[in-house]
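Enquirer: Below is the structure I would like to discuss, written out as structure tokens.
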Amino acid sequence: MSSIKIECVLPENCRCGESPVWEEASDSLLFVDIPAKKLCRWDSLTKQVQRVTMDAPVSSVALRQSGGYVATIGTKFCALNWEEQSAVVLATVDNDKKNNRFNDGKVDPAGRYFAGTMAEETAPAVLERHQGSLYSLFPDHHVKKYFDQVDISNGLDWSLDHKIFYYIDSLSYSVDAFDYDLQTGQISNRRSVYKLEKEEQIPDGMCIDAEGKLWVACYNGGRVIRLDPVTGKRLQTVKLPVDKTTSCCFGGKNYSEMYVTCARDGMDPEGLLRQPEAGGIFKITGLGVKGIAPYSCAG
């Protein structure tokens, strides 16, 4: 094992940092701060951060094939013009559920933007249950709804052969898999591939590595765990100096670094004194495994 190094590269004090995405073209990390309604772009070379504030919670961001970005803002799929700090609505979901918002989202290998919803929380992980659904925005901007009865729609990614879709509904404490049809975007045959252990707490964001293993950020667990979705075994645990780890992605040179977001909402003053880097962006090096580049939205 190479020696693992964990450092807080950006003390951002995010209330709830999420959706880290590496943009290779600019050597930058994109991420959001959901309740602060902020989209952020951290330049890994200059260490500068640019921030754009929206008019509703921003829960995920992704690259767009035609340039700029796409994001889930409130209950809307939006296209973003970063220079003008403006958003154009591409589609809206959950019109009948005024208390809902999007949560995590990611683009599939065919350029569809998958994202799920949840009820707005009254406190972290405290909310009206079964209010969410999973959707995807197709390149022609039509929206497909896959299923409802979701508590907290969260981490998602696809197997390296694009035949399996991995998905987390946080309060099920499970990482699930579906058969995936890349041509049609259909999913079927849901099953659990890993059940979290008590000390791992709540499964949140997730990404896949170049060996086809899953990395899951454990909210309140202060760690990311590496799973083998075929055997259902946990292969590795990497603990961070903050409890509320929310999501992870690979980035940097050859996607050899891992970036981890976290939250500070829900922590008391004593907890914040103990964990002053809560809400920061962390970089993990020396994992000995690389990630893959994120897909770009075709819509």
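Here the Cβ of each residue, glycine as well, is placed from N, Cα and C on the backbone.
Please treat TrEMBL annotations as automatic predictions, because they have not gone through curation.
Residues or ranges marked as active site, proton donor/acceptor by TrEMBL: D204. Here TrEMBL flags E18, N154, D204 as divalent metal cation binding site. According to TrEMBL, the feature substrate binding site maps to R101, N103, E121. The domain 'SMP-30/Gluconolactonase/LRE-like region' annotation in TrEMBL covers 16-263.
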Enquirer: Given the recorded positions N103, E121, D204, which lie within 10 A of N154 (divalent metal cation binding site) by CA-CA distance?
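Expert: If one measures from the Cα of N154 (divalent metal cation binding site), the recorded positions that come within 10 Å are N103, D204.
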Enquirer: Roughly how many Å lie between the Cα atoms of N103 (substrate binding site) and E18 (divalent metal cation binding site), rounded to a whole value?
Expert: 9
Enquirer: 10 Å Cβ neighbour count around the residue listed as 'active site, proton donor/acceptor'?
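Expert: Its Cβ has 29 other Cβ atoms within 10 Å.
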Enquirer: For the substrate site as recorded (R101, N103, E121), determine the largest distance between any two Cα atoms, in Å, rounded to the nearest integer.
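Expert: In whole numbers, the farthest two Cα atoms are 11 Å apart.
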Enquirer: Consider the binding-site residues E18, R101, E121 and say which one has the Cα lying nearest the Cα of the residue listed as 'active site, proton donor/acceptor'.
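Expert: Going through E18, R101, E121 one by one, the Cα closest to that of the residue listed as 'active site, proton donor/acceptor' is E18.
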Enquirer: List, in sequence order, the residues of the same chain other than E18, N154, D204 whose Cβ lies within 8 Å of the centroid of the Cβ atoms of the recorded divalent metal cation site.
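Expert: So the extra residues in range turn out to be S19, N103, D104, I152, G155, I168, S170, G205, A217, Y219, T246, S247.
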Enquirer: Within 8 Å of the centroid of the Cβ atoms of R101, N103, E121, which other residues of that chain place their own Cβ, given that this set defines the recorded substrate site?
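Expert: Counting only non-site residues, the set is I34, P57, S59, N100, F102, T117, M118, A119, E120, L127, I152.
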Enquirer: Among the binding-site residues N103, N154, which residue has the largest number of other Cβ atoms within 10 Å of its own Cβ?
Expert: N154
Enquirer: Could you tell me the C-alpha distance between E121 (substrate binding site) and E18 (divalent metal cation binding site) in angstrom, no decimals?
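Expert: Rounded to a whole number, the Cα-Cα distance is 15 Å.
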Enquirer: For a quick check of packing: other C-beta atoms within 10 Å of the C-beta of E121 (substrate binding site), how many?
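Expert: Excluding its own Cβ, E121 (substrate binding site) sees 18 Cβ atoms within 10 Å.
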Enquirer: Between the Cα atoms of E18 (divalent metal cation binding site) and R101 (substrate binding site), what distance do you get, rounded to the nearest Å?
Expert: 14
